[in-house]
Amino acid sequence: MTDASMQGGAAAPSRKSSIHTIDARTKKRNAAEARFKAYGLAAILVGLFFLVVLAVSIVRNGLPAFTETTVDLEFVLTEEQYQEAEGTLFKTAAYTDFFIAGLREQLVEDGVEVAFDEDAIERILGKVGGNLREFYRANEDKLGEPVSFTMSASSRVDGYMNGRVTRDGLEDSRFLMATDLDLVDVLRDAGIITQSFNWNFITGADSGVDNPGGAGIGASVVGSFFMMIVVLVLSLPIGVAASIYLEEFAPQNRFTDLIEVNISNLAAVPSIVFGILGLAVFIQFMHLPQSAPLVGGLVLTLMTLPTIIISTRASLKSVPPSIRDAALGVGASKMQAVFHHVLPLAMPGILTGTIIGLAQALGETAPLLLIGMVGFVARGYPDGFVGGFTEANSAMPAQIYTWAARADVSFYEKAWGGIIILLLFLLTMNIIAIILRRRFERRW
Amino acid sequence: MYDAPNTELHVTQNDIKIAARKVQVYYGDTHAIKDVDVDIEDKTVTAFIGPSGCGKSTFLRCINRMNDTIDICRVEGDIQIDGEDIYDKRVDPVQLRAKVGMVFQKPNPFPKSIYDNIAYGPKIHGLAKNKADLDEIVEKALRRGAIWDEVKDRLHAPGTGLSGGQQQRLCIARAVATEPEVLLMDEPCSALDPIATAQVEELIDELKQNYSVVIVTHSMQQAARVSQKTAFFHLGHLVEYGETGKIFTNPEDTRTESYITGRIG
């Protein structure tokens with residue numbers, strides 16, 4: 001006893017230290033913490049950097065898709081020319097020839113000094129014949145009168161106006177000669193070639209491979225919209241009902257465990273698997289129409305259900321059990337307890353999960369490739385699309401994929417523009433999710 | 001000497017409200033309640049005391065069949081309220097729970113207005129014919145919960161905005177709003193401060209005029225203050241049951257004595 005206390009007394013002075021000097025061990029720990037903070041900060045900065053790079057490149061590549069270069073011309077087609085054009089074998093080519101002649105006259109009238117030939121004009125103009133013929137066949141009464149046309153220029157002229165095509169390194173080809181650009185400059189100064197906002201890109205339908213100027217994402221926005229309606233109408237009630245049953249009513253046994261594990265597994269199944277399932281079941285077995293938003297919606301419903309079920313179950317689980325006890329304690333039945341008290345409290349989580357599921361479905365491409373929602377050119381747009389659950393259509397991501405795969409660089413530009421539209425929709429959905437969550441949470 | 005038999009007489013005048021015989025409760029393989037026999041009287045406060053995990057809350061939750069909500073829980077034996085077996089096949093637990101109200105350990109008002117908290121039970125049981133009826137029921141329940149004066153001006157404010165003690169009295173008011181015959185309280189004051197506890201205890205004392213109140217508590221002082229009868233549970237057994245005064249001053253079983261004097265538990 002005495003020994004111990006004496007030892008303690010002797011040891012005490014040596015262990016005594018000032019809190020004004022930091023010992024080695026503390027220094028080491030502080031250094032470790034500082035290092036960890038630096039790693040974290042670095043990780044966030046790297047992430048931000050890539051985000052900025054992504055955003056900038058999307059905007060830079062995509063914005064030109066929203067402007068179009070047009071050739072504006074007042075043009076007269078006489079009755080005789082109309083008959084002549086209709087009588088030839090290549091009708092649209094004949095119309096193109098008349099338009100070129102018209103433009104040439106206009107240029108001569110304006111006193112353009114640059115030497116040019118018909119081929120140069122043809123290279124500058126897009127394929128205008130089809131549009132002209134369509135117009136005059138619909139409005140025969142306009143024959144012989146001056147009509148002002150706005151025709152989209154060829155994709156390379158569009159590229160020149162947007163700065164994608166420059167004189168440096170331009171090799172003469174049958175698509176564009178360096179001298180054509182002089183003519184383009186003159187036409188621009190004369191106000192014949194102008195740039196304007198491309199509404200057609202937002203409202204229009206996809207065009208053929210040789211007409212990038214006329215391509216729009218509108219039809220596929222409609223297609224995506226119909227698909228999302230199908231997904232929402234099917235997956236929200238089914239998903240929520242399934243989660244409520246599993247979470248609140250189902251007995252805990254092997255069978256429900258198995259279901260639970262499989263739902264988690266389904267959430268991780270690659271989407272292309274759902275695509276081939278949809279192809280086999282909905283199209284080959286049930287004979288639903290190919291390329292239809294209905295089928296796309298059904299396939300995406302299969303994909304979205306696990307997401308919705310998992311998030312709904314998580315938000316049901318997070319409602320404190322005391323609320324259930326309280327409801328049961330005053331004599332509510334289990335169903336009343338769930339629907340009057342638990343479900344309203346879980347609602348913000350359910351809505352968030354649903355919208356995130358929908359956003360995921362909106363951006364999904366792979367399953368749509370398999371059910372034929374790519375490589376399609378709209379006919380009868382927009383009339384044929386209004387009732388369009390079973391009409392062939394495309395969807396935004398599938399449309400972007402189609403454009404990116406085409407040879408003409410102008411389509412590549414359209415693909416980037418399509419991505420901007422898609423991201424705008426996703427951003428809107430996420431904002432709606434946040435607003436809904438806030439609104440519902442404020443009520444409690 | 002003169003008082004004692006009188007009290008005895010007073011207590012035994014009450015009818016038996018709840019009669020339990022050979023009650024066994026199993027959680028999976030765990031035998032949580034063993035052979036519990038108890039007669040709980042009407043218009044009396046009965047306290048269940050005992051160390052944690054002794055089964056007093058489990059037994060309480062058998063009386064309104066709240067244990068049915070736990071999958072692995074199995075109840076055997078016989079519990080009768082007014083001579084009717086509550087575990088009979090014909091009994092719907094939802095109907096039973098309207099008759100046997102419950103107040104929980106943590107105040108758990110619904111995240112709705114004070115008014116809706118009280119009105120919910122009467123609404124789902126169809127006790128009110130119209131809005132005026134419902135208003136009257138709500139006011140009556142809040143008065144019986146001794147919280148009317150504090151909340152009458154803000155009936156449509158959220159119930160979760162009240163203080164802990166007020167919330168618990170709101171929960172008691174909610175429980176009495178459905179006109180139960182028995183009121184079960186599972187440690188109703190464990191989350192409250194001494195002042196709120198005193199208010200709730202006072203309320204319990206008033207409630208015994210109309211109900212048979214069963215209260216689980218960890219505080220022996222509380223049991224002594226509010227109850228007329230006390231049951232001591234230990235390791236799933238009902239060790240001793242009798243007059244509160246007798247249990248605290250002159251227990252028959254050595255385990256009861258050890259618990260009360262702080263040697264076990």
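Just so it is clear, glycine is given a Cβ too, placed from its N, Cα and C backbone atoms.
Some features that TrEMBL has for this protein:
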REGION    A:1-23  region 'Disordered'
TRANSMEM  A:38-59  transmembrane segment
DOMAIN    A:221-433  domain 'ABC transmembrane type-1'
TRANSMEM  A:225-246  transmembrane segment
TRANSMEM  A:266-288  transmembrane segment
TRANSMEM  A:294-316  transmembrane segment
TRANSMEM  A:337-359  transmembrane segment
TRANSMEM  A:415-436  transmembrane segment
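Of the two recorded stretches, the transmembrane segment (A:294-316) does not lie close to the transmembrane segment (A:38-59), with fewer than three CB pairs under 8 Å once pairs fewer than 6 apart in sequence are set aside. Counted as Cβ pairs under 8 Å, contacts with the transmembrane segment (A:337-359) are highest for A:415-436 among A:38-59, A:266-288, A:415-436.
Long-range Cβ contacts of the transmembrane segment (A:38-59) within its own chain (Cβ-Cβ under 8 Å, at least 6 residues beyond either end) map to 416, 419-420, 423. Residues 294-295, 298-300, 302-303, 305-307, 310, 364, 366-372, 390 of the same chain lie 6 or more positions beyond the ends of the transmembrane segment (A:266-288) yet place their CB under 8 Å from a CB of it.
When Cβ-Cβ distances below 8 Å are used as the criterion, the transmembrane segment (A:225-246) is approached by residues 256, 259-260, 293-294, 296-298, 300-301, 304-305, 308-309, 312-313, 316, 338, 343, 350, 354, 357-358, 361-362, 388-389, 393, 395 of the same chain, each at least six residues removed from its ends.
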